[in-house]
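Quick notes on the structure that follows.
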């Protein structure tokens with residue numbers, strides 16, 4: 001039996017609101033028999049009614065009863081398929097948020113013949129019933145999990161179909177390219193070149209560029225989705241842990257005058273300017289014979305490589321120490337595409353002339369026109385300027401642009417597969433391989449892109465993997 005039909009037989013039910021005690025909970029019922037199974041449990045103005053005749057999308061105040069037991073007073077709303085989230089008949093029951101009440105209503109529904117929904121089953125049905133494509137369905141999970149404005153905006157773009165439109169356009173271009181090449185296979189006896197080779201390669205190049213742009217956006221998209229990784233680095237005792245505590249507004253890291261106090265990385269997140277940042281306080285890098293501290297330093301090096309933004313902290317009162325400047329210079333030289341913000345800490349005791357001199361020294365040492373930010377992590381000075389700089393970095397990164405950003409690891413992998421298939425086709429073209437072999441790679445690229453939106457999905461295992469990560473009531 002086709003996966004499009006085997007999963008949609010039962011009428012399912014689940015709590016659609018978050019677990020725990022609350023003022024209100026919503027229980028969702030969906031399936032062909034939703035109205036028939038809920039009707040015996042619901043009394044409207046003291047009488048049982050046939051919910052199939054209820055006015056769609058109209059709230060009804062009544063009672064949920066089972067075997068003469070009043071379970072709760074509820075607000076019930078009916079949605080007639082296909083005009084519902086799942087495109088099936090749907091009933092939503094808003095009850096009091098008691099754990100007992102939720103459980104009793106679910107028990108009553110199951111006694112009537114409903115089945116408890118699996119994780120993501122409502123959204124899965126919406127996809128299988130054509131209410132949304134697969135990438136939009138995955139966006140639902142991202143919207144639910146979003147913690148910041150940027151995460152929410154990125155997921156909403158995907159849900160509203162812009163992402164799917166871009167992918168479908170790419171797929172159509174690939175189909176056109178394949179069609180032009182396969183014409184020669186259909187008419188081998190004709191000594192005619194159906195497609196100009198130069199035009200074919202130009203079209204292939206255009207598609208590759210579009211794919212690469214989407215692939216390259218994944219680093220930013222993944223960072224926004226999971227929290228932009230920011231490493232706080234510097235030699236020992238420059239105030240890295242104090243800076244983390246000040247940013248977070250709590251004593252997250254131990255602060256001490258003893259060198260090497262931070263022996264492991266400490267991570268925490270906070271929202272700044274609509275973005276979620278994941279700060280990592282690293283152990284101060286220095287030569288040490290302490291085994292535990294050495295392990296912490298190695299982990300710090302790893303976290304620095306993973307970071308998208310580096311906060312390089314120096315102690316403004318000890319700037320003459322060569323190891324401070326040498327260490328920051330090494331980080332600067334190895335930063336690659338990462339953004340580095342230079343922070344001069346303990347600046348509360350520095351005169352204006354000293355600040356100017358320090359700024360010039362650091363700019364000369366790093367061969368950069370970028371000026372450092374002077375802060376006092378202990379007193380909170382300069383922290384607002386730092387937060388503004390972090391926000392500005394993200395604003396100019398493209399995170400808020402209209403361009404689509406890939407944030408889903410599955411999508412990224414499939415886009416890479418499509419890109420690699422096109423590269424193989426291009427290489428085979430240059431080697432003079434036959435048209436039938438070239439079109440195999442094109443078909444692979446088409447399938448990979450189609451799997452993102454669900455147009456090429458044939459495996460139930462793939463759908464199970466995707467929707468198993470949803471919560472029960474979605």
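Cβ coordinates come from backbone N, Cα and C, glycine included.
Since the structure is predicted, the reported quantities are computational estimates derived from the model, not experimental observations.
Lifted from Swiss-Prot, the feature list:
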- 28, 92, 131, 474: (6S)-5-formyl-5,6,7,8-tetrahydrofolate binding site (BINDING)
- 227-395: domain 'TrmE-type G' (DOMAIN)
- 237-242, 256-262, 281-284, 376-378: GTP binding site (BINDING)
- 237, 256, 258, 261: K(+) binding site (BINDING)
- 241, 262: Mg(2+) binding site (BINDING)
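In this structure, residue 240 (GTP binding site) is part of a helix by DSSP. When Cβ neighbours within 10 Å are tallied across all protein chains shown, the highest count among the binding-site residues 131, 240 belongs to 240.
Neighbour count (other Cβ atoms within 10 Å of the Cβ, all protein chains): 20 for residue 92 ((6S)-5-formyl-5,6,7,8-tetrahydrofolate binding site). Across the fold, the C-alpha of residue 283 (GTP binding site) and the C-alpha of residue 241 (Mg(2+) binding site) stand 9 Å from each other.
Residue 241 (Mg(2+) binding site) counts 24 other C-beta atoms within 10 Å of its own C-beta, drawing on all protein chains shown. Classification of residue 92 ((6S)-5-formyl-5,6,7,8-tetrahydrofolate binding site) by DSSP places it within a strand. All protein chains considered, the CB of residue 28 ((6S)-5-formyl-5,6,7,8-tetrahydrofolate binding site) has 23 other CB atoms within 10 Å.
Cα spacing between residue 377 (GTP binding site) and residue 241 (Mg(2+) binding site): 9 Å, rounded to the nearest whole number. Looking at residue 92 ((6S)-5-formyl-5,6,7,8-tetrahydrofolate binding site) and residue 237 (GTP binding site), their Cα atoms lie 58 Å from each other. Annotated pair residue 240 (GTP binding site) and residue 131 ((6S)-5-formyl-5,6,7,8-tetrahydrofolate binding site), C-alpha to C-alpha distance, rounded: 50 Å. Note on the domain 'TrmE-type G' (227-395): mean pLDDT across this stretch is 80.
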